[in-house]
């Protein structure tokens, strides 16, 4: 075969291959078009994109959500329209508390990537509830978890994750650099308050939908601090309480009214014989009720209620069923501070129903162990220790910690009332469990229902020490 024939032969072969490839590509395009037509049915077909497929590969789980997008509409499973959370409803009538969530974060963290945290709390928008928490910039079972018993450090941050999930780097959202914090949703956006900085010059940074909108400088230079639970939004305005001053004597307490992250009004409480820290607040028929911690001299809890103009009233829960820790045995209460075992304290909450009160408290009088809910039908105004209902939540033998209130608005639940809920922190590690090098916690939450509930114990349940502790 001469050179010209070779060239012609090679060219013919290349052309034949090219034609075959073109035919295959055309066939592939036709196949995809037919498949798409069958899948969508018609151009106007819509469907909810909610199919979730889980595959497993080499012991690593992959969560794949397949979304079919056609030429016209994608229908979401939930209406994301902004609303204004009115906060005008009264609290729902309840008979007890139903378990709502448990994240088991310490148990999961023995083997998985879970943040070292404390001060978790829950807050809900009209679409979802989220767990907020203060990380220590470290993971469980890692060397940086050493020494995390410390409250205030530059590594702490407010983050959030979906309620009931263990807080990890893979499901958590950064909110603010903070060692004291609060957050709430007004129906249009999240307000976050994060306090960080030195003890004598800390600054609260306010963010609205993630953007810095305002700052508040420590006015007493004595550890500016806030609620460690949700703030309260009513008719587009959000309210929070901050404390600055001694933890064992009279301090300064201010209420702030905030709209879209900007402070519109603030007042200082005239309460020389009261002590307000780490307030747990909730809306009730358009007003705000806060039940707080007296770390100075009260074993019963102080309260402050105020309207949207910040006109306020103050007092102490009168019941002889005392709510703080440490505390004396139940007995004769007072509408002023009960000073027996009144020093120190723990964050907690109560819900007022007329003259009655649901009191959440540790089961132990002297340590942060166990948790129970008690209904005292006259406890807001009367000083006896009689109660009608006691519901066990955490056994006396298991660790608890901080607790606080949160509510679910009618815009979320579809009810015509405000559903009361609460969370309990389950602290593990130091200072009580000295076999560890770290301090962290998991959390449980409950919501009020007007139906049957269970008495049981929902403890943290992690077996300590971890590998890093040995």
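Heads up, the Cβ atoms here are built off N, Cα and C, so glycines get one too.
Ca(2+) is bound by 294, 298 in Swiss-Prot, and the record lists one more residue there from 270, 324, 330, which is 324. Substrate binding, as stated in Swiss-Prot, involves 118, 152, 277, 278, 368; the candidate among 107, 130, 293 given for that site is 293.
Working note on the recorded positions 151, 278: by count of other C-beta atoms within 10 Å of each C-beta, 278 ranks first.
Look at the binding-site residues 294, 324 and count other Cβ atoms within 10 Å of each Cβ; 294 has the fewest.
Taking only the Cα positions, the spacing between residue 277 (substrate binding site) and residue 88 (N-linked glycosylation site) is 26 angstrom. Comparing Cβ neighbour counts within 10 Å across the glycosylation sites 146, 235, 455, the minimum falls on 455.
Taking Cα separation as the measure, residue 298 (Ca(2+) binding site) is nearest to 365 of the recorded positions 151, 152, 235, 365. Counting in whole angstrom, residue 152 (substrate binding site) lies 23 from residue 324 (Ca(2+) binding site) by their C-alpha atoms.
The candidate set comprises the recorded positions 88, 293. Of these, 293 has the most other Cβ atoms within 10 Å.
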